[in-house]
Amino acid sequence: MRLILAPMEGVIDAQMRQLLTGLGGYDLCITEFVRVTEQKLPPKVFYRLCPELATGGTTTSGTPVRVQLLGQSPDWLSINAMTAIELGSPGIDLNFGCPAKTVNKSRGGAILLKEPELIYQIIKAVREAVPKQYPVSAKIRLGYEDTNQTLEIADAVAQANASELAVHARTKKDGYRAPAYWEWIAKIRQHVALPVIANGEIWDSESLIQCQKQSGAEQFMVGRGAVATPNLGAVLTKKATKMSWNDVLNLLILFAQQPVDEKNTIYYPSRTKQWFNYLKLSYPQAHDLFRKIRILSDRDAILNELKRAQN
């Protein structure tokens, strides 16, 4: 089984990748998207979203980190894909699944699911630009409003010679509402001759087994579940026990001690509170502690509450 840590815009950044991959179980990470417009982006843009480029394109634990690009221009995406490769990305991922309204309004992400031909042109251009030894993957949803074009979209990805396809088993309209329609992943796998990665509603070993049964997939991608249960990678791939709440507290304290831009004083308070919203899905203890920290805006004050909560 192969397990990938999903790209989650504004949630799974370099600091989070460092923590989660350090707990084991992941074969690959995908970055938050690099927004590509009609320009060649400077290296600093790539380093900001993927600082791992400066250390061989992997996290400290040795997990490869693949740069994800989002845009609508085949030419500019291929140019910027080459920049990412030259800087050290071990491959390129292309985002056709982001449901954010602001992104879709500027013709990026899931809105392109309405245009399978453009998806084909984008992947084809990037695949032709990037040397063959580097994988070019795509991430899609089942469609924008419905599944009428799902197989046509999958065809476009396959015919453009993508290396692999990650499928979030919901439409853009579905958002993140349960269920995920894993049976559609089985249909896609039967329809195209390329590796298909199953994504959506994998929270624990039980949901992974159900996803395997319904999709037939052997490769999986987890996002929200990985943030809700920080050692989910090890739980799924190594049959590890779900980490205790006290271990989660230790991880939150470690998170507070990671270096960040000193000018960005809201980073730690806002990201910690955001993380708690996911932890509440997996740990009942998170509810009471979140009520205590949500009114705090100072890193040290939050850190003190976390330490007080330790057994």
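A Cβ is built for glycine as well, from the same backbone N, Cα and C atoms used for every other residue.
A TrEMBL annotation is a machine prediction, not a hand-curated record.
Quantities reported herein were computed from a predicted structural model and do not represent experimental measurements.
Site annotation (TrEMBL, ligand FMN) includes Lys139, His168, Asn199, Gly200, Glu201, Gly223, Arg224; from Gln68, Gln72, Gln274, Gln285, the additional listed residue is Gln68. Note: the Cα of Arg35 (site 'Interacts with tRNA') and the Cα of Glu201 (FMN binding site) are spaced 26 Å from each other. Reported as a whole number, the C-alpha separation between Arg224 (FMN binding site) and Arg294 (site 'Interacts with tRNA') equals 20 Å.
Among the recorded positions Cys98, Arg271, Lys273, Tyr278, Arg294, not one has its Cα within 10 Å of the Cα of Gly200 (FMN binding site). When the C-alpha distances from Arg294 (site 'Interacts with tRNA') to the recorded positions Tyr176, Asn199, Glu201, Lys273, Tyr278 are tabulated, the minimum falls on Lys273.
A mean pLDDT of 98 is what the model gives for the domain 'DUS-like FMN-binding' (4-240).
Here nothing among the recorded positions Asn95, Cys98, Tyr176, Arg271, Lys273, Tyr278 falls inside 10 Å of the CA of Asn199 (FMN binding site).
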